[in-house]
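Participant: Here you go, one structure.
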Amino acid sequence: MVQDISSMFRMVRMVVLGTTMAFAVIVLGLGAAITNWTTTVFKGFSPDYFPYAALAIAIAALTLLTVPIMFFFSITRKGAFVNLNAVEVAWTGVLWVLWLATGSFTASNLAFISDCGDFFFTSEVATCRETQGVAAFGFLTWILLFAYNIFHLTLVVRQQMRGTAGVWTSFVTETDFGAQGAPSGAFASQPQVEQKVSPSFAPQYPPTPQHQQQPVHSAPPMSAHPQV
């Protein structure tokens, strides 16, 4: 493990989120091109679009609406709610599931196509290639987000186990993932005081019983002359 894990995490985060945004733009363009072709060819039919292309457009648009906010707010706006560790771990977990669904659903439509060159029309070949692109970038985005999500989650859980207070509600770019933490518990903040016992006052176990001294009554003085 590198010494400055926090700097490495920030660098990985920047690369992953930046690449995710770029892939989302590509998938959005490919999905729009496929939908444009289907609405032209299948005009008058219902539905006049491919469901996998509609899913790709929706997930790419959702990614482009949320990831840039997470990315730029962590740089320009400190203390934003979207940059809490708990929020980012949860949302990147949702996104990688959605991108896995996008890649899998798109790939299932290519299961019975051996080669896109088998199509006769050029537009059909282009649409097939675009579908392959959606599937490929869907899986690539899933791998990126999945790896980043597991990496981030591991660092947060490790800091929690080390006793770092409030790590889940800390901000992503301000969390020190290399900190050793502090002891937790009811007595974490109380200093340990060494008790010193003086030898002259050392306690006895069991304590010696103390006998109470009985009062002594003196007899009255006797007279030297006998009484008649």
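Including glycine, each Cβ sits where the backbone N, Cα and C put it.
Pulled from TrEMBL, these are the listed features:
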type	residues	note
TRANSMEM	12-37	transmembrane segment
TRANSMEM	49-73	transmembrane segment
TRANSMEM	94-113	transmembrane segment
TRANSMEM	133-151	transmembrane segment
REGION	183-228	region 'Disordered'
COMPBIAS	187-198	compositional bias 'Polar residues'
Participant: What else in the chain is close to the transmembrane segment (12-37), if you only count residues 6 or more beyond its ends and a Cβ gap under 8 Å?
Facilitator: 49-50, 53-54, 56-57, 59-61, 63-64, 67-68, 70-71, 95, 102, 123, 126-127, 130-131, 133-134, 137-138, 140-141, 144-145, 147-148, 151-152, 172
Participant: In the same chain, which residue numbers or ranges, 6 or more beyond the ends of the transmembrane segment (94-113), come under 8 angstroms Cβ to Cβ?
Facilitator: 20, 27, 50-52, 55-56, 59, 62-63, 66-67, 128, 131-132, 134-139, 141-142, 145-146, 149
Participant: Sequence-remote contacts (6 or more beyond its ends) of the transmembrane segment (133-151), Cβ cut-off under 8 Å?
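Facilitator: Residues 9, 12-13, 16, 19-20, 23-24, 26-27, 30-31, 34, 52-53, 56, 63, 89, 92-93, 95-96, 99-100, 102-104, 106-107, 110 contact the transmembrane segment (133-151) from elsewhere in the chain.
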